[in-house]
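TrEMBL has this to say about the protein:
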type     : residues : note
DOMAIN   : 91-283   : domain 'ABC transmembrane type-1'
DOMAIN   : 322-572  : domain 'ABC transporter'
TRANSMEM : 32-52    : transmembrane segment
TRANSMEM : 95-119   : transmembrane segment
TRANSMEM : 126-148  : transmembrane segment
TRANSMEM : 154-172  : transmembrane segment
TRANSMEM : 212-235  : transmembrane segment
TRANSMEM : 255-286  : transmembrane segment
Amino acid sequence: MTTTDIRVAFDRAAQKRRSGLFRRFLRHPGGWIPLAIFAAVVLVGVLAPLLAPMDPNFVDLAAAKAAPGPEHLLGGDSTGRDILSRLIYGTRTTLWGALITVVTALVLGVPTGVAAGYFGGFFDRVATWISDALQSIPGMIILLVVAAGSRNNFEVLMATVGVFMVPGYFRISRSQTLAVRGEPYIDAARVSGLSDARIIFRHVIKAVYPPVIIQTALTAGIAMGMQAGLQFLGIGDSNVPSWGAMMLEGFRLMLTYPLMLLWPSAALGLTIAVLAIMGSTLAELVQVRTPRASRRKADAVAAAPSTPATGSAQHEAAHAALRIDNLRVAHATPNGETEVVHGVTLDIAPGEVVGIVGESGSGKSQTVFSVLDLLPSTGRATADAIWVGGKDVSRATGKQRHALLGREIGYVPQEPMSNLDPSYTIGHQLIEPLRRTHGLSRAEAKERARAMLVRVGLTDPARVLRSYPHQISGGMAQRVLIAGAIAGKPSLLVADEPTTALDVTVQAEVLELLRELQAEYGMALLIVTHNFGVVADICDRVIVMRDGEIVEAGPVDDLFATPAADYTRALISASLDDVAGRAELDRAVGPAVQTTEVTA
């Protein structure tokens, strides 16, 4: 593929992501509802002269503190001015102030952040120092000085507020630029001869804009609050109708005429709330899109010769607990993509216990992470098909895929204490997945969680449910994770190094528990390990991996008795004798390994 092809492909993908984000935002209740409300507020501000029933500064002493009525729908203020008219014109003032603040922060923050992240060096150091300095300056004192020097000029004050918002935009733009400037498509653009300016506008800005949009929604809300706060403190022209000035007057009359405070407070609170909701929704949608590279559908995967089904008992995909066809995993690096799993094909029958064994870096965990959608953001997995419980999850997308994986697969990660959130109780972490994935009520989910804790050998489930992770031992934490994994009654249980962080006695107990649960529920069990002792103790079949490929596979007894591959023999010997390290294994069997299938 030429550099031009790479640029065109990226531009099309980026355009699709942008339009997709906007469509998802409009479909999301947290998107279109607050957007419609905010659009109505903007429309009121723009059409204020047409909508206001009278001049906002017209004084009618007979209407002073008047109650809402036909002539004054929201009543009159302390001097008889119509509250509704002032509220409508105040919308224009508030929105104008927010616009000044946002534009100032955008114009100063985004270009400097992008330039600092892209070029680095002296400019980056100076710009970062200025950004840090702005954050350390007491803003209110500066605003008071500016107000005195500009004679309370509204535009100057709001522009000053915008200057203090610059560091937020600067940090976001700089960090996003740093994240993409080493990507392969940026290098391809440089090689093709594009100038730095064109690279920034064609490529970098596309990565920067989503968080900038989110920041803009939040900044607009903050600016409105700041503008109202300044007016509330008496900083500004009292003759210009604004929500802040109305709130100041309403605060003075709060005990005798509370309606004066109610209307501007409600308008300001509603507008800031819808901006915050829009920002939160955008953040949620962007996070859903960006954590990892999207898994490609089968028709989007480039055609490649399939690797022979080594390590596979050739069970029919529709009847297998798990089947993977031609899985490849690659990670993005500054020098391009590096493939770490090369065309792996395997399957597991219902009720079968299979172990994947290999050294660290052999690709066993990457294979499992691809099935579970747990690859990091740099990872990309492609496969001809991935079947789970008779369903091809590689063709499912979005909620369907996540729901299917959540129902059909239970996952027991390594390092149990690191995989429990210290901020939540054990009960919360067991109950919420059952409610979300399986639709149980809180009472039903709690009862099932309690029953699962008892089943995995925890004799005081009520105390465990109330406990935080730091209040239980490592062995108990592993049992909690196992309870969570089997609570949904999956057809496949995946255990990734389930005994690594445990002492020998607890290891034996955990393996015995896994064996009992597998037999009791009839589920398939996939164990990822580097320990042949675990394989011999619990597995029916074993798959040996090295350098992202399957070296050998077959029944456990046959593989231990007559291993066909030199690497497998060396690995078993190292496991039993505890003498050979990675370097010794490499010297013993060489860098290349012949793939072999052991038949029963």
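Any Cβ shown, glycine's included, is placed from N, Cα and C.
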Report, as numbers and ranges, every residue of the chain located at least six residues beyond the transmembrane segment (126-148) whose Cβ falls under 8 Å of a Cβ in that stretch; write 'none' if there are none.
112-113, 115-116, 156-157, 160-161, 163-164, 166-167, 170-171, 174, 230, 235-236
So which of 32-52, 95-119, 212-235 has the most C-beta pairs under 8 Å when paired with the transmembrane segment (255-286)?
212-235
Restricting to the same chain and to residues at least six past its boundaries, which positions have a Cβ under 8 Å from a Cβ of the transmembrane segment (95-119)?
41-42, 45, 127-128, 154-155, 158-159, 161-163, 165-178, 181, 196, 200, 204-205, 208, 212, 216, 219-220, 223-224, 226-227, 242
